[in-house]
């Protein structure tokens, strides 16, 4: 492949989500012309609300910031690799306790403007109906909402039906419609500032709320069988959690542990704590820079919009909530990547074609960015006649790309960043936080040889 004279001297990136945006930037910054193809607004998807690049359709959070957490380690790796998408997230961060969350409108608009102004980036607003010609270096980053025509061509090329699951997004409410006489500001265990709004429930309120969720009418989903619906376990609809058992929500998004309203009394008084602590707590996270919009954390849902209003207004503090956006559910498509891709994210049967992002079977925003970084970097290297690179599997980014290219395929499912993907440490460390810190230290050290390959301007 290196020095292949048939390779075109430019790159095409299909899809301007998180992965495609990062891939296009890496190609352009390597001095290679890149065409970024995005079907919005010519063709809308069921989940997007704008035509801007890298729109966050589920949560506005990239996950934990701390580098001794899996998501935080991946973010730090990407910062060190010169990721535009993560750097811009840092620039547009909103308060979210120990997490990296962004003002999603300003964030996407900023990334769109940056790419639009780059002299080597050509943006084409159109639907790509099929894969480009064989000798074109192409990054497939069309995401979980790949259009049907392109998905059909992809099935013909791979000889495989796509895998899929159903994903959902949480509702968003106006902050000034939240009753802070009932709700309170705090972060769990008082970590960071009081960045969340918390709506406490007693047992009777929780049980009535769960019953309402179970009885509420769901929206009809197109093109799928209700009985065989597959959900991603990391983004289950709240009504699905309610169905799984009385306490499932209380050990998930509604867990009350570590949350205390000072108006209840002294948290250090055991009797007060036992008498006053909440049975369950609904949390809302700031959605925009100005704190006017708040999303219900973990409240992905497929309820009809009228039912969402009725049921969610049962939550203490949200009786008069004004909804900016209701929750929606959509089908997510991904490749059976272990049968198709190498750790370089090249297709094994077509080396000029690379894939990145959620379509490869990684889960989470930072994971999509990591795939975009690697695919874009390797696309540029192919055009320049250089060997593509694979990231060390001791890094979180490398562990994810090795997983999607090597995992057993009996039941391949999307995978988020997690320390279980990393090879064992040389010595066993019993303390979990210390162990995760050791994983981090090894990862960042092993990333240094890769950083040496990156042009200096990208590392600034």
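Just so you know, glycine gets a Cβ as well, placed from its N, Cα and C.
Here's what Swiss-Prot has on this protein:
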{"type": "BINDING", "residues": "15, 16, 17, 18, 19, 20", "note": "FAD binding site"}
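When Cβ neighbours within 10 Å are tallied across all protein chains shown, the highest count among the binding-site residues 16, 18, 19 belongs to 19.
Shown in sequence order, 13, 21, 22, 23, 53, 54, 141, 142, 143, 356, 357, 368, 372 are the same-chain residues outside 15, 16, 17, 18, 19, 20 whose Cβ sits within 8 Å of the Cβ centre of the FAD site.
In sequence order, 37, 38, 140, 141, 142, 143, 146, 357 make up the list of same-chain residues 6 or more apart from residue 15 (FAD binding site) whose Cβ falls under 8 Å from its Cβ.
Under 8 Å, Cβ to Cβ, and six or more positions away along its own chain, residue 17 (FAD binding site) finds 53, 54, 55, 141, 142, 143, 357, 358, 368. In the three-state DSSP scheme, residue 15 (FAD binding site) is classed as coil.
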